[in-house]
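K.L.:
In case it helps, Swiss-Prot gives these features for our protein:
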type: COMPBIAS; residues: 424-436; note: compositional bias 'Low complexity'
type: COMPBIAS; residues: 464-475; note: compositional bias 'Basic and acidic residues'
type: MOD_RES; residues: S465; note: phosphoserine
type: REGION; residues: 390-475; note: region 'Disordered'
type: TOPO_DOM; residues: 1-29; note: topological domain 'Extracellular'
type: TOPO_DOM; residues: 51-61; note: topological domain 'Cytoplasmic'
type: TOPO_DOM; residues: 83-88; note: topological domain 'Extracellular'
type: TOPO_DOM; residues: 110-135; note: topological domain 'Cytoplasmic'
type: TOPO_DOM; residues: 157-179; note: topological domain 'Extracellular'
type: TOPO_DOM; residues: 201-259; note: topological domain 'Cytoplasmic'
type: TOPO_DOM; residues: 281-294; note: topological domain 'Extracellular'
type: TOPO_DOM; residues: 316-475; note: topological domain 'Cytoplasmic'
type: TRANSMEM; residues: 30-50; note: transmembrane segment
type: TRANSMEM; residues: 62-82; note: transmembrane segment
type: TRANSMEM; residues: 89-109; note: transmembrane segment
type: TRANSMEM; residues: 136-156; note: transmembrane segment
type: TRANSMEM; residues: 180-200; note: transmembrane segment
type: TRANSMEM; residues: 260-280; note: transmembrane segment
type: TRANSMEM; residues: 295-315; note: transmembrane segment
Amino acid sequence: MGEAPSPAPALWDWDYLDRCFARHRVCISFGLWICASSCWIAAHALLLYLRCAQKPRQDQSALCAACCLLTSLCDTVGALLARQLTIQVFTGAYLAAIDLVNFMFILFPVCGSKFKSNSDREARERKRRRQLRASVFALALPLSLGPCWALWVAVPKASATIRGPQRRLLASLLQENTEILGYLLGSVAAFGSWASRIPPLSRIAPPPTLGITTQHEIWRGQMSKPSQSPSRSPSGHWRAAAQRQVLGTEMCRGKTFPSIHLWTRLLSALAGLLYASAIVAHDQHPEYLLRATPWFLTSLGRAALDLAIIFLSCVMKSKMRQALGFAKEARESPDTQALLTCAEKEEENQENLDWVPLTTLSHCKSLRTMTAISRYMELTIEPVQQAGCSATRLPGDGQTSAGDASLQDPPSYPPVQVIRARVSSGSSSEVSSINSDLEWDPEDVNLEGSKENVELLGSQVHQDSVRTAHLSDDD
């Protein structure tokens, strides 16, 4: 025959503790509860440090904190009425005290008040008064349950017995069945503890990665801007734009928890698992487990939801690192790598550009300079090539002229761009054709500073050309 289930001990049954530690046999249930309590204390200490040491954030509203406090009170009162274990009553009382302190900190923030800004003082005061009214109402609701329950229990019962059939009032039915009321309060506490983990879960949202849409937006933003100086890095602008885009999207669509907050969640989940193990380790009979089902499900549900919050937060942080470029470069998309590689190559080419050969028409400063000069005079740019030891090919003809090798200058490297402008000058008394070769480096000419001189030179060349044409017609 099976062993009869042991009756639940009273709240202050010292014989139970004596039997638990008798003959050097440590009670497993009590030891697991001690470990769970240590984890809870460490988690709440970290939360207090996080609230006071860092800039405060309104992670939890006053109404949510009031619901958590009401849940803890229901858990404690339900364990007391249902004649549960002493460790369950103490655990509920401790969690209720912690929720009360948290609720008071939300109502009257003491730590971190120096971080508040002084802007929009009136709007902040109105919001504070509105929150204070809602918080006082939420505080009065759970605190009124204790005195009402005490008055309800203190009502004396009628000593006279009434014979015959009669109706039983609901109050007398509840007074005679306090264990049923305790189980109901335990069930309410279980659902309330699960619901208190929904706001942190809704706060977490997967961030968008740096995909094709973001790259097109960055490209359009860069193309719409005016041309920048070559000294500024295009890749730096693209990276900065990408980071601003991803950070703005992260602020709108998802928020992460600090590392300390994740550690508190982990300790709380571990404490919940140890607490559930302590309840199960006390007695394994089905009758006892059925009576302790609300508190057992409460601890397991909170632990599972805390682990889910930790997992989702870690996944979101890893995606954020990948989107911001802190992950490996191999994980980046091909479009991102192509954009950044082209920008870096263009920057290196602009920095290492010391000279431009005559055979190459670059599209940088020299091209812009020649384009500006071509509006005023006709230029002929031809490279000077050495045909032999004493023969040089002159620009403008296809023949070579022999010259003294000793009088020729050695070719300079890199070659200097030679601009030959044929200017004919004449006067009214005599006609003399002077072919002058003007040599200068377009890189040394500041067209923007001497625009008037270039216009004057162009007009003079035009007048001389007209005079030469008239004299040729007269001859």
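Start at 1 and count along the chain as shown; that gives each residue its number.
Note that Cβ sites are derived from N, Cα and C of the backbone, with glycine treated the same way.
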K.L.:
What mean pLDDT score does the topological domain 'Extracellular' (281-294) have in the model?
P.N.:
82
K.L.:
Excluding the flanking five residues on each side, which residues at least 6 beyond the ends of the transmembrane segment (295-315) place their CB within less than 8 Å of a CB in that stretch?
P.N.:
75, 79, 84, 88, 186, 189-190, 193-194, 197, 200-201, 204, 206, 256-257, 262, 265-266, 268-273, 275-276, 279-280, 289
K.L.:
Tally the residues of the topological domain 'Extracellular' (83-88) by DSSP class, grouping H, G and I as helix, E and B as strand, and everything else as coil.
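P.N.:
Each residue of the topological domain 'Extracellular' (83-88) counted once, the result is 3 helix, 0 strand, 3 coil.
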K.L.:
Report, as numbers and ranges, every residue of the chain located at least six residues beyond the topological domain 'Extracellular' (281-294) whose Cβ falls under 8 Å of a Cβ in that stretch; write 'none' if there are none.
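P.N.:
Residues 5-6, 8, 28-29, 32, 78, 82, 84-85, 88, 183, 186-187, 189-190 contact the topological domain 'Extracellular' (281-294) from elsewhere in the chain.
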